[in-house]
Amino acid sequence: MLFYKPVMRMAVRPLKSIRFQSSYTSITKLTNLTEFRNLIKQNDKLVIDFYATWCGPCKMMQPHLTKLIQAYPDVRFVKCDVDESPDIAKECEVTAMPTFVLGKDGQLIGKIIGANPTALEKGIKDL
């Protein structure tokens, strides 16, 4: 005869969703298309981080972005939540997150798709 004896009992709690929390000190959040268009015109060097709060790779890029912001003070960094501002994401043809759109002298000149810190830094150096 077999007897079942529980080895350990533990309460199971539902997972709480992890929200994107910015630790950036010099980053602006884009909220509308007019603001986006003005931002492009006003900045010599620009990086737009398209992200979603539920995107794991976006969260993984946060520490790398913080370092890049500190390393390149002459570059303007902004972020755009694709769920809150789908019109801006559509304007930049964003289809995956994270996507980083690079701008220079009032023009959008490049796009880096995916969590690739090396490619992002190379793109910033080339601005």
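In case you wondered, yes, glycine gets a Cβ from its N, Cα and C as well.
As recorded in Swiss-Prot:
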- 1-21: transit peptide (TRANSIT)
- ASP49: site 'Deprotonates C-terminal active site Cys' (SITE)
- CYS55-CYS58: disulfide bond (DISULFID)
- GLY56: site 'Contributes to redox potential value' (SITE)
- PRO57: site 'Contributes to redox potential value' (SITE)
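Feature annotations (Swiss-Prot) mapped to structure.
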residue: ASP49; record: site 'Deprotonates C-terminal active site Cys'; Cβ neighbours (10 Å): 24
residue: CYS55; record: disulfide bond; Cβ neighbours (10 Å): 19
residue: GLY56; record: site 'Contributes to redox potential value'; Cβ neighbours (10 Å): 11
residue: PRO57; record: site 'Contributes to redox potential value'; Cβ neighbours (10 Å): 14
residue: CYS58; record: disulfide bond; Cβ neighbours (10 Å): 22
Minimum Cα separation from ASP49 (site 'Deprotonates C-terminal active site Cys'), reported as the residue among recorded positions CYS55, GLY56, PRO57, CYS58 that achieves it: CYS58
For CYS58 (disulfide bond), the three-state class that DSSP assigns: helix
